[in-house]
């Protein structure tokens, strides 16, 4: 599944490198947005290219047709290659830029992904290959596919892969899978998932009592875990170019939950209607989570990957609730003005942001800093 480009027009996304290692060569098919890199933006410092003072240069590169941008990329290749790590037993290889596929010019406000083919001859022997790149180039998802097996890893901060053998694929231990996907799940909520954070805050603001919160969180967890699992194994497929519908439903869910906090019953109990609507919206959130996990791949440890990614998500959600309780529940929760001071204004702010996202994701309004 691929997110609609309008949802993440300027958002920094990781590059994806599909690696094939043979006894003689290594080939890397890399999908990435080359324009921010050519503009010299440090992608480790921004989450949105519009945050950079060089964003205008990015748009100028996006306005260049493929036959004009490709020579610029090839001229810059030596400096880009110098920021890659491609080694065998610590000895650097010489990556060569082969075919380049750059899409035609579209909306210069939108991200444009190109595909680069990079190859390098390997020295004699059976020593494996290690790949990585400078953290300033952003995140890098590496996928090595072999016969009946696969290896996937998400690299940040200049990290490198496990050694990738010439026959077979790099090995991942269960402990590595646990760490990688628990962290990935958590990061997708905090700090990357503002929409999920606001939804969970909406659940928290419904009633300051453990029973309503437990019912809501349980319903949400069961729902998103269901669609996350089904989408990851391919039982549910969101057509390419239709993910924006899921993202819009997620935004609608934020508005609905927040408005219900204001207009719904004012008490400490919860009805089946609220539980049911949280479950239904949780199904959409699960598809959103799956769109992230699909980029990483799930490798051989399918059940473990899903389990630990879900654990990371839940740790993120519980962290949001814990922080909200510490900042709002403890100091204000037992005061008569809690609803007027916290629940109503907080829910209205959440509903307002959600309404903006609905309009933004259907293309009726433009991007706002920090919210897109």
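Cβ from N, Cα, C; glycine included.
TrEMBL does not curate its annotations; it predicts them automatically.
TrEMBL lists 193-210 (among others) with the feature transmembrane segment.
Among the features that TrEMBL reports, transmembrane segment is placed at 217-238 (among others). Packing against the transmembrane segment (217-238) from elsewhere in the chain are residues 1, 199-200, 203, 245-246, 275-276, 278-287, 289-291, 293-294, 298, 302, 305-306, 309-310, 313-314, 317, 321: each is 6 or more residues past its ends and has a CB under 8 Å from a CB in it.
When Cβ-Cβ distances below 8 Å are used as the criterion, the transmembrane segment (244-263) is approached by residues 3-4, 6-7, 195-196, 198-199, 202-203, 205-206, 238, 274, 277-278, 281, 284-285, 287-288, 291, 343-344, 347-348, 350-351, 353-355, 357-358, 360-362 of the same chain, each at least six residues removed from its ends. Summarising the annotation, TrEMBL assigns transmembrane segment to 244-263 (among others).
Residues of the same chain lying 6 or more positions beyond the ends of the transmembrane segment (275-294) and with a Cβ under 8 Å from any Cβ of it are 1-3, 184-185, 188, 195-196, 199, 203, 215-216, 219-228, 231-232, 236, 238, 243, 246-247, 249-250, 252-253, 256-257, 260, 305-306, 309, 313. Taken from TrEMBL, the feature transmembrane segment covers 275-294 (among others).
Annotation source TrEMBL lists transmembrane segment at 306-328 (among others).
The transmembrane segment annotation in TrEMBL covers 340-359 (among others). Nonlocal intrachain contacts for the transmembrane segment (340-359), taken as residues 6+ away from its ends with a CB within less than 8 angstroms of a stretch CB, comprise 195, 198, 201-202, 205, 247-248, 250-255, 257-259, 261-262, 328, 332, 365, 368, 371.
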*Grab the same-chain neighbours of the transmembrane segment (193-210) for me: Cβ-Cβ under 8 Å, and only residues 6 or more beyond its ends, written as numbers and ranges.*
216-217, 220, 247, 250-251, 253-254, 257-258, 260-261, 264, 267-270, 274, 278, 281, 285, 288, 316-317, 320-321, 324-325, 329, 333, 338, 342-343, 346-347, 350, 353-354, 357, 371
